[in-house]
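J.: Dropping a structure here in C-alpha cells format, bear with me for questions.
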Amino acid sequence: MKAKLVSLLAQANIKISDQQIQQLIDLVNLLNKWNKAYNLTSVRDPQEMLVKHILDSLVVSPYLQGDRFIDVGTGPGLPGLPLAIINPSKQFVLLDSLGKRISFIRNAIRELRLTNATPVLSRVEEYQPEDKFDGVLSRAFASLKDMTDWCYHLPKENGYFYALKGIYQEDEINELNKKYTIQKVIELSVPELIGERHLIVLR
C-alpha cells in the first residue's frame with residue numbers, strides 16, 4: 001500500500017514526510033477495519049480508498065487559506081482527517097450528526113496521535129462555535145445553496161466556503177443568495193480517479 005500511496009502523491013505533486021505517509025496508511029487501515037463492522041463508506045477496497053478518500057481530500061490542501069477550518073458532514077473524517085495529517089499547523093473541527101462516524105474519528109485521532117483535529121457530534125444548524133472559522137469545508141452537500149444556507153453562521157467575516165464537487169454546474173450558482181460570490185472554481189486533478197472533481201471557493 002505504501003508504494004501505491006507514494007506513487008499517487010508523486011503524480012499529484014504532493015510532498016509530505018514519511019511519518020505523514022505512514023499516518024495516511026494507518027488511517028486507511030483503520031477505516032477498512034471499522035468499515036467491516038460499521039459501514040462507514042461504500043468503498044471497500046483499501047487501494048481504492050487511497051484514491052477516492054485520501055488523494056481526493058489532499059488535493060484541496062494548497063487552496064486552503066487560514067489556520068482554522070471546519071469539515072461539515074465529515075462522514076468518516078473526509079476530507080478533514082487527511083488534511084489534518086498533512087497540515088499539522090492548521091486546526092480542523094470535524095462535524096457530523098451520526099454517532100458511529102464520530103466514534104471512528106475519535107479512535108482515529110487517538111491512534112494517529114493527531115493534536116489538531118477535534119470531533120464534534122452535532123447537527124450543523126445546532127452547532128454554535130465560540131470562534132468562527134477561516135474556512136468551511138464539505139464534500140457532503142448536494143448544492144452550494146444548501147451549504148451556505150446550513151453553514152452561514154460558521155465562517156469568519158472574511159472566511160471562505162470550500163465545496164468539493166464532481167461536475168461543476170453553473171445553475172447551482174444562480175440558486176445562491178446574492179450575498180455570496182464565487183471566488184474561484186478550481187478543476188482538481190486526482191490521480192487514477194475517473195470523473196471530474198472541482199473545488200468551488202465562495203464567500
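Cβ atoms are placed via backbone N, Cα and C, with glycine included.
Because the structure is a prediction, the values reported are computed rather than measured.
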J.: R110, R113, R139: which one does Swiss-Prot list with G73, L78, V124, E125 for the S-adenosyl-L-methionine site?
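T.: For S-adenosyl-L-methionine, Swiss-Prot names G73, L78, V124, E125; of R110, R113, R139, the listed one is R139.
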J.: As a test of the contact definition, list every same-chain residue at least 6 positions from V124 (S-adenosyl-L-methionine binding site) whose Cβ is closer than 8 Å to its Cβ.
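T.: Those within reach of V124 (S-adenosyl-L-methionine binding site), by Cβ under 8 Å and sequence separation of 6 or more, are V72, G73, L95, S97, W150, C151, L154.
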J.: For R139 (S-adenosyl-L-methionine binding site), which residues of its chain lie six or more apart in sequence with Cβ-Cβ distance below 8 Å?
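T.: Result: D56, G73, G75, L78, P79, L164.
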